[in-house]
Amino acid sequence: MIIKEIRMRRMEMRMKHPFTTSFGTMQDKPFLLLEAIDEEGNSGWGESVAFTYPWYAEETVETNAHVIRDILVPLLLEKEINHPDEVNELFAPIRRNNMAKAAIEGAVWDLYAKRNKQTLAEALGGKKEKIDVGISIGIQDSKEQMVETVRGFIEQGYKRIKMKIKPGTDIEIIRAVREAFPDVPLMADANSAYTLEDIELLKMLDDFDLMMVEQPLAHDDIIDHAKLQEELETPVCLDESIHSLEDARKAVELGSCRIINVKIGRVGGLTEARKIHDYCVGKGIALWCGGMLEAGIGRAHNVALTTLPGFTLPGDTAGSDRYWEEDIITPEVVAVDGEITVPSGYGIGYEPDLEKIKKYMVGEEVFRTENAQPNR
Ligand SMILES: O=C(O)CCC(=O)C1=CC=C[C@@H](O)[C@@H]1C(=O)O
Ligand SMILES: [Mg+2]
(Lines of atoms letter the chains of each structure in order from A and count residues from 1; the text may use other names and numbers.)
(Lines give C-alpha, C1' and ligand atoms only; values in the text may rest on other atoms or scores of the structure.)
(Ligands and ions follow the chains in the order given, each with its own letter.)
Protein backbone atom coordinates (compact mmCIF):
# COMPACT_ATOMS: atom_id res chain seq x y z
CA MET A 1 0.00 0.00 0.00
CA ILE A 2 1.07 3.59 -0.63
CA ILE A 3 0.15 6.33 1.86
CA LYS A 4 -1.08 9.11 -0.42
CA GLU A 5 -2.54 11.44 2.22
CA ILE A 6 -2.38 11.96 5.97
CA ARG A 7 -4.95 14.08 7.82
CA MET A 8 -4.14 15.44 11.28
CA ARG A 9 -7.26 16.65 13.12
CA ARG A 10 -7.00 18.70 16.31
CA MET A 11 -9.75 17.58 18.67
CA GLU A 12 -11.11 19.02 21.88
CA MET A 13 -13.29 16.85 24.09
CA ARG A 14 -14.29 17.23 27.74
CA MET A 15 -14.35 14.20 30.00
CA LYS A 16 -17.47 13.56 32.06
CA HIS A 17 -15.46 13.72 35.28
CA PRO A 18 -12.14 15.34 36.24
CA PHE A 19 -9.25 12.87 36.57
CA THR A 20 -6.79 13.52 39.41
CA THR A 21 -3.40 11.87 39.79
CA SER A 22 -0.31 12.66 41.88
CA PHE A 23 0.51 15.27 39.24
CA GLY A 24 -2.75 17.16 39.12
CA THR A 25 -6.24 17.20 37.62
CA MET A 26 -7.45 17.19 34.03
CA GLN A 27 -10.91 17.18 32.45
CA ASP A 28 -10.56 18.96 29.07
CA LYS A 29 -8.70 16.82 26.59
CA PRO A 30 -7.22 18.32 23.43
CA PHE A 31 -5.64 15.60 21.29
CA LEU A 32 -4.67 14.73 17.71
CA LEU A 33 -6.51 12.28 15.49
CA LEU A 34 -4.56 10.81 12.56
CA GLU A 35 -6.06 9.41 9.34
CA ALA A 36 -3.88 7.67 6.75
CA ILE A 37 -5.33 7.28 3.24
CA ASP A 38 -3.92 4.87 0.65
CA GLU A 39 -3.87 4.89 -3.18
CA GLU A 40 -7.34 3.27 -3.26
CA GLY A 41 -8.88 5.82 -0.89
CA ASN A 42 -9.03 3.44 2.09
CA SER A 43 -8.62 5.11 5.51
CA GLY A 44 -6.87 3.96 8.67
CA TRP A 45 -7.15 5.82 12.00
CA GLY A 46 -4.83 6.46 14.93
CA GLU A 47 -4.97 8.67 18.03
CA SER A 48 -2.19 10.55 19.79
CA VAL A 49 -2.28 10.12 23.58
CA ALA A 50 -0.09 13.14 24.33
CA PHE A 51 -1.54 15.60 26.84
CA THR A 52 -1.26 19.38 26.61
CA TYR A 53 1.18 19.50 29.55
CA PRO A 54 4.31 17.27 29.82
CA TRP A 55 3.60 15.87 33.29
CA TYR A 56 3.27 12.19 32.35
CA ALA A 57 5.88 12.18 29.55
CA GLU A 58 7.95 14.77 27.68
CA GLU A 59 5.58 14.93 24.69
CA THR A 60 2.65 17.33 24.30
CA VAL A 61 -0.05 17.89 21.70
CA GLU A 62 2.12 20.68 20.28
CA THR A 63 5.33 18.65 20.09
CA ASN A 64 3.36 15.85 18.46
CA ALA A 65 1.86 18.22 15.86
CA HIS A 66 5.33 19.51 14.96
CA VAL A 67 7.03 16.09 14.79
CA ILE A 68 4.15 14.57 12.83
CA ARG A 69 3.95 17.50 10.37
CA ASP A 70 7.65 18.23 9.90
CA ILE A 71 9.42 14.93 10.48
CA LEU A 72 7.22 11.82 10.31
CA VAL A 73 4.78 12.65 7.50
CA PRO A 74 7.58 13.38 4.97
CA LEU A 75 9.14 10.01 5.86
CA LEU A 76 5.91 8.14 5.17
CA LEU A 77 4.07 9.85 2.29
CA GLU A 78 4.34 8.01 -1.04
CA LYS A 79 6.28 5.16 0.58
CA GLU A 80 5.37 1.59 -0.50
CA ILE A 81 4.43 -0.12 2.77
CA ASN A 82 3.99 -3.90 2.70
CA HIS A 83 3.58 -4.31 6.46
CA PRO A 84 3.08 -1.77 9.30
CA ASP A 85 6.25 -3.06 10.99
CA GLU A 86 8.08 -1.10 8.27
CA VAL A 87 6.77 2.16 9.78
CA ASN A 88 8.60 1.33 13.03
CA GLU A 89 11.78 0.92 10.94
CA LEU A 90 11.15 4.11 8.93
CA PHE A 91 10.77 6.07 12.18
CA ALA A 92 13.68 4.39 14.00
CA PRO A 93 16.23 7.18 13.17
CA ILE A 94 13.98 9.67 15.00
CA ARG A 95 14.74 9.75 18.72
CA ARG A 96 11.76 9.03 21.04
CA ASN A 97 8.66 11.14 20.23
CA ASN A 98 6.90 7.82 20.69
CA MET A 99 3.36 9.18 21.01
CA ALA A 100 3.70 11.03 17.70
CA LYS A 101 5.07 7.88 16.04
CA ALA A 102 2.36 5.66 17.54
CA ALA A 103 -0.46 7.92 16.33
CA ILE A 104 0.64 7.60 12.71
CA GLU A 105 1.74 3.97 12.95
CA GLY A 106 -1.61 3.05 14.47
CA ALA A 107 -3.40 4.54 11.47
CA VAL A 108 -1.22 2.45 9.15
CA TRP A 109 -1.94 -0.72 11.18
CA ASP A 110 -5.69 -0.02 10.92
CA LEU A 111 -5.38 0.61 7.17
CA TYR A 112 -3.31 -2.55 6.68
CA ALA A 113 -5.84 -4.74 8.53
CA LYS A 114 -8.74 -3.26 6.57
CA ARG A 115 -6.99 -3.87 3.24
CA ASN A 116 -6.30 -7.47 4.32
CA LYS A 117 -9.92 -7.95 5.43
CA GLN A 118 -8.75 -8.70 8.96
CA THR A 119 -9.61 -7.31 12.34
CA LEU A 120 -6.71 -5.39 13.89
CA ALA A 121 -6.65 -8.08 16.58
CA GLU A 122 -6.13 -10.78 13.91
CA ALA A 123 -3.47 -8.68 12.15
CA LEU A 124 -1.60 -8.45 15.48
CA GLY A 125 -2.01 -12.18 16.17
CA GLY A 126 -4.58 -11.79 18.93
CA LYS A 127 -7.04 -14.61 19.51
CA LYS A 128 -9.30 -13.47 22.36
CA GLU A 129 -12.96 -12.76 21.53
CA LYS A 130 -13.52 -10.95 24.83
CA ILE A 131 -11.10 -9.02 27.01
CA ASP A 132 -11.27 -8.48 30.76
CA VAL A 133 -11.07 -4.87 31.79
CA GLY A 134 -10.55 -2.94 34.98
CA ILE A 135 -11.05 0.65 35.96
CA SER A 136 -8.59 3.37 36.94
CA ILE A 137 -9.93 5.75 39.57
CA GLY A 138 -8.39 9.16 40.11
CA ILE A 139 -7.55 10.52 43.56
CA GLN A 140 -10.81 11.25 45.40
CA ASP A 141 -11.54 13.95 48.00
CA SER A 142 -11.98 11.47 50.86
CA LYS A 143 -11.66 7.79 51.67
CA GLU A 144 -15.45 7.60 52.03
CA GLN A 145 -15.83 8.97 48.51
CA MET A 146 -13.23 6.51 47.22
CA VAL A 147 -15.05 3.57 48.85
CA GLU A 148 -18.36 4.63 47.26
CA THR A 149 -16.71 5.18 43.87
CA VAL A 150 -15.11 1.72 44.06
CA ARG A 151 -18.45 0.20 45.06
CA GLY A 152 -20.06 1.66 41.95
CA PHE A 153 -17.47 0.17 39.63
CA ILE A 154 -17.54 -3.23 41.35
CA GLU A 155 -21.30 -3.25 40.82
CA GLN A 156 -20.66 -2.54 37.12
CA GLY A 157 -18.53 -5.70 37.08
CA TYR A 158 -15.08 -4.23 36.41
CA LYS A 159 -12.55 -7.00 36.93
CA ARG A 160 -9.94 -4.92 38.80
CA ILE A 161 -9.78 -1.63 40.65
CA LYS A 162 -6.81 0.70 40.17
CA MET A 163 -6.46 3.53 42.67
CA LYS A 164 -4.18 6.53 42.34
CA ILE A 165 -2.03 7.20 45.40
CA LYS A 166 0.45 9.87 46.52
CA PRO A 167 2.14 10.71 49.83
CA GLY A 168 -0.60 11.48 52.34
CA THR A 169 -3.26 9.82 50.22
CA ASP A 170 -2.16 6.21 50.29
CA ILE A 171 -2.16 3.77 53.20
CA GLU A 172 -5.38 4.93 54.89
CA ILE A 173 -7.34 5.10 51.65
CA ILE A 174 -6.16 1.66 50.53
CA ARG A 175 -6.97 0.27 53.98
CA ALA A 176 -10.50 1.72 53.77
CA VAL A 177 -11.09 0.17 50.34
CA ARG A 178 -9.58 -3.20 51.31
CA GLU A 179 -11.68 -3.36 54.50
CA ALA A 180 -14.82 -2.56 52.50
CA PHE A 181 -14.00 -5.01 49.73
CA PRO A 182 -11.73 -7.80 51.10
CA ASP A 183 -11.68 -9.81 47.86
CA VAL A 184 -11.68 -7.26 45.06
CA PRO A 185 -8.57 -7.38 42.78
CA LEU A 186 -6.92 -4.11 43.82
CA MET A 187 -3.84 -2.19 42.69
CA ALA A 188 -2.30 1.24 43.26
CA ASP A 189 -0.66 3.63 40.77
CA ALA A 190 1.71 6.17 42.30
CA ASN A 191 2.89 7.88 39.11
CA SER A 192 6.39 8.28 40.54
CA ALA A 193 5.26 10.11 43.68
CA TYR A 194 7.68 8.27 46.04
CA THR A 195 11.43 7.72 46.49
CA LEU A 196 13.45 4.98 48.16
CA GLU A 197 13.33 7.14 51.31
CA ASP A 198 9.65 6.11 51.49
CA ILE A 199 10.57 2.41 51.53
CA GLU A 200 9.12 1.77 55.00
CA LEU A 201 5.81 3.29 53.93
CA LEU A 202 5.83 1.37 50.64
CA LYS A 203 6.47 -1.88 52.51
CA MET A 204 3.19 -1.27 54.34
CA LEU A 205 1.46 -1.91 50.98
CA ASP A 206 2.23 -5.60 51.55
CA ASP A 207 -0.51 -5.66 54.18
CA PHE A 208 -3.27 -5.16 51.60
CA ASP A 209 -2.84 -8.05 49.17
CA LEU A 210 -2.47 -5.71 46.19
CA MET A 211 -2.04 -7.16 42.69
CA MET A 212 0.75 -4.65 42.14
CA VAL A 213 2.01 -1.16 42.83
CA GLU A 214 2.46 0.78 39.59
CA GLN A 215 5.46 3.10 39.02
CA PRO A 216 6.08 4.02 42.65
CA LEU A 217 9.47 5.66 41.98
CA ALA A 218 10.99 8.03 39.41
CA HIS A 219 9.57 8.02 35.88
CA ASP A 220 12.97 7.26 34.34
CA ASP A 221 14.25 4.74 36.89
CA ILE A 222 14.81 0.99 36.86
CA ILE A 223 17.66 0.78 39.42
CA ASP A 224 15.78 1.98 42.52
CA HIS A 225 12.71 -0.01 41.45
CA ALA A 226 14.91 -3.13 41.50
CA LYS A 227 16.04 -2.30 45.05
CA LEU A 228 12.42 -1.67 46.06
CA GLN A 229 11.15 -4.90 44.47
CA GLU A 230 13.73 -6.84 46.53
CA GLU A 231 12.11 -5.47 49.71
CA LEU A 232 8.49 -5.70 48.59
CA GLU A 233 6.27 -8.76 48.30
CA THR A 234 3.80 -6.74 46.23
CA PRO A 235 4.77 -6.94 42.55
CA VAL A 236 6.12 -3.70 41.10
CA CYS A 237 4.55 -2.75 37.77
CA LEU A 238 6.38 -0.30 35.51
CA ASP A 239 4.60 2.21 33.30
CA GLU A 240 6.50 5.47 32.68
CA SER A 241 9.95 3.78 32.84
CA ILE A 242 9.33 1.55 29.83
CA HIS A 243 9.55 3.23 26.41
CA SER A 244 10.86 0.35 24.29
CA LEU A 245 11.71 -3.34 24.11
CA GLU A 246 15.23 -2.46 25.28
CA ASP A 247 13.86 -0.68 28.37
CA ALA A 248 11.71 -3.74 29.12
CA ARG A 249 14.68 -6.11 28.68
CA LYS A 250 16.88 -4.08 31.05
CA ALA A 251 14.13 -3.74 33.66
CA VAL A 252 13.39 -7.47 33.57
CA GLU A 253 17.08 -8.42 33.75
CA LEU A 254 17.58 -6.08 36.73
CA GLY A 255 14.47 -7.39 38.48
CA SER A 256 12.92 -3.90 38.50
CA CYS A 257 9.41 -5.21 37.95
CA ARG A 258 7.29 -8.33 37.69
CA ILE A 259 4.53 -6.68 35.65
CA ILE A 260 4.51 -4.12 32.82
CA ASN A 261 1.71 -1.72 31.88
CA VAL A 262 1.98 -1.51 28.08
CA LYS A 263 0.71 1.73 26.52
CA ILE A 264 0.86 1.85 22.74
CA GLY A 265 1.67 5.59 22.69
CA ARG A 266 4.37 5.38 25.35
CA VAL A 267 6.30 2.66 23.52
CA GLY A 268 6.02 4.15 20.02
CA GLY A 269 3.33 1.99 18.48
CA LEU A 270 1.78 -1.44 18.06
CA THR A 271 4.89 -3.00 16.48
CA GLU A 272 7.05 -2.16 19.53
CA ALA A 273 4.21 -3.13 21.87
CA ARG A 274 4.08 -6.54 20.21
CA LYS A 275 7.86 -6.95 20.55
CA ILE A 276 7.58 -6.16 24.27
CA HIS A 277 4.70 -8.65 24.51
CA ASP A 278 6.66 -11.45 22.84
CA TYR A 279 9.72 -10.80 25.04
CA CYS A 280 7.74 -10.63 28.28
CA VAL A 281 5.80 -13.81 27.50
CA GLY A 282 9.14 -15.58 27.23
CA LYS A 283 10.25 -14.14 30.59
CA GLY A 284 7.04 -14.77 32.55
CA ILE A 285 6.36 -11.06 32.99
CA ALA A 286 2.61 -10.38 33.17
CA LEU A 287 1.24 -7.60 30.97
CA TRP A 288 -1.81 -5.44 30.88
CA CYS A 289 -2.84 -2.58 28.58
CA GLY A 290 -2.74 0.83 30.22
CA GLY A 291 -4.90 3.77 29.26
CA MET A 292 -4.35 7.44 28.53
CA LEU A 293 -7.95 8.60 28.81
CA GLU A 294 -8.34 7.91 25.10
CA ALA A 295 -11.27 8.70 22.88
CA GLY A 296 -12.76 5.90 20.82
CA ILE A 297 -10.03 5.49 18.20
CA GLY A 298 -7.26 5.05 20.78
CA ARG A 299 -9.57 2.90 22.92
CA ALA A 300 -10.19 0.63 19.91
CA HIS A 301 -6.44 0.11 19.43
CA ASN A 302 -6.10 -0.81 23.10
CA VAL A 303 -8.86 -3.42 22.75
CA ALA A 304 -7.05 -5.02 19.80
CA LEU A 305 -3.67 -5.09 21.57
CA THR A 306 -5.22 -6.69 24.67
CA THR A 307 -6.28 -9.71 22.59
CA LEU A 308 -2.64 -10.91 22.56
CA PRO A 309 -2.19 -13.89 24.93
CA GLY A 310 0.45 -12.27 27.15
CA PHE A 311 -2.05 -9.61 28.30
CA THR A 312 -3.13 -11.76 31.21
CA LEU A 313 -4.25 -9.02 33.60
CA PRO A 314 -7.26 -6.71 33.27
CA GLY A 315 -6.21 -3.33 31.82
CA ASP A 316 -7.45 0.26 31.99
CA THR A 317 -9.58 0.11 28.84
CA ALA A 318 -12.94 0.90 30.37
CA GLY A 319 -16.05 1.60 28.29
CA SER A 320 -16.48 4.91 26.41
CA ASP A 321 -19.25 5.93 28.81
CA ARG A 322 -16.72 6.09 31.66
CA TYR A 323 -15.09 9.09 29.96
CA TRP A 324 -17.33 10.73 27.36
CA GLU A 325 -20.93 11.96 27.09
CA GLU A 326 -20.55 10.81 23.49
CA ASP A 327 -17.58 9.11 21.86
CA ILE A 328 -16.34 9.65 18.29
CA ILE A 329 -16.86 6.05 17.15
CA THR A 330 -19.89 3.87 16.49
CA PRO A 331 -20.60 1.66 18.22
CA GLU A 332 -18.96 3.01 21.36
CA VAL A 333 -16.68 0.74 23.39
CA VAL A 334 -18.96 -1.00 25.86
CA ALA A 335 -17.83 -2.96 28.91
CA VAL A 336 -20.41 -5.44 30.23
CA ASP A 337 -19.57 -7.11 33.56
CA GLY A 338 -15.95 -6.08 33.11
CA GLU A 339 -15.66 -7.56 29.64
CA ILE A 340 -15.39 -5.96 26.21
CA THR A 341 -16.36 -8.05 23.18
CA VAL A 342 -13.67 -7.67 20.52
CA PRO A 343 -15.32 -6.18 17.39
CA SER A 344 -15.55 -8.36 14.28
CA GLY A 345 -15.30 -5.45 11.83
CA TYR A 346 -12.12 -5.09 9.81
CA GLY A 347 -9.33 -2.95 11.24
CA ILE A 348 -10.10 -1.33 14.59
CA GLY A 349 -13.64 -2.64 14.15
CA TYR A 350 -15.35 0.53 15.33
CA GLU A 351 -16.52 3.09 12.75
CA PRO A 352 -15.11 6.63 13.13
CA ASP A 353 -18.22 8.82 13.51
CA LEU A 354 -17.43 11.65 11.09
CA GLU A 355 -20.27 13.80 12.40
CA LYS A 356 -19.03 13.57 16.00
CA ILE A 357 -15.40 14.00 14.86
CA LYS A 358 -16.40 17.19 13.03
CA LYS A 359 -18.31 18.38 16.11
CA TYR A 360 -15.21 18.12 18.35
CA MET A 361 -12.64 19.11 15.72
CA VAL A 362 -11.01 22.51 16.15
CA GLY A 363 -8.47 22.29 13.34
CA GLU A 364 -7.20 20.08 10.52
CA GLU A 365 -4.04 19.76 8.46
CA VAL A 366 -3.97 17.67 5.28
CA PHE A 367 -0.67 16.32 3.99
CA ARG A 368 -0.23 15.18 0.44
CA THR A 369 3.00 14.97 -1.50
CA GLU A 370 2.73 18.40 -3.06
CA ASN A 371 2.52 20.17 0.32
CA ALA A 372 4.26 17.74 2.72
CA GLN A 373 6.89 19.66 4.76
CA PRO A 374 10.51 19.11 3.65
CA ASN A 375 12.41 16.77 5.95
CA ARG A 376 14.63 19.22 7.96
O1 LIG B 1 -8.58 5.27 32.33
C2 LIG B 1 -7.50 5.37 31.76
O3 LIG B 1 -7.36 5.66 30.55
C4 LIG B 1 -6.24 5.20 32.58
C5 LIG B 1 -5.91 6.52 33.17
C6 LIG B 1 -4.68 6.39 34.00
O7 LIG B 1 -4.66 5.66 34.96
C8 LIG B 1 -3.54 7.17 33.63
C9 LIG B 1 -3.57 7.96 32.55
C10 LIG B 1 -2.47 8.81 32.26
C11 LIG B 1 -1.46 8.93 33.10
C12 LIG B 1 -1.60 8.42 34.43
O13 LIG B 1 -2.22 9.32 35.25
C14 LIG B 1 -2.37 7.13 34.53
C15 LIG B 1 -1.43 5.98 34.37
O16 LIG B 1 -0.28 6.17 34.76
O17 LIG B 1 -1.79 4.88 33.95
MG1 LIG C 1 0.45 4.46 35.37
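Note: Cβ is positioned from N, Cα and C throughout, glycine not excepted.
Values in this document were obtained by computation on a predicted structure and should not be read as measured data.
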- Look at the Mg(2+) binding annotation in TrEMBL, where Asp189, Glu214 are given, and name the residue from Asp141, Asp170, Asp239, Asp247 listed for that site too. Asp239
- Can you tell me how the residues of the domain 'Mandelate racemase/muconate lactonizing enzyme C-terminal' (143-235) break down into helix, strand and coil by DSSP? 45 helix, 12 strand, 36 coil
- Message: List the recorded positions among Glu214, Asp239, Lys263 whose C-alpha is within 10 Å of the C-alpha of Lys164 (active site, proton donor), in sequence order, or say none.
- Response: Glu214
- Item | Listed recorded positions adjacent to ligand 1, that is, members of Lys164, Asp189, Asp239, Lys263 whose C-beta is under 6 A away | Asp189, Asp239
- Query: Which one of these binding-site residues, Asp189, Glu214, Asp239, has the sparsest Cβ neighbourhood, judged by other Cβ atoms within 10 angstroms?
  - Reply: Asp239
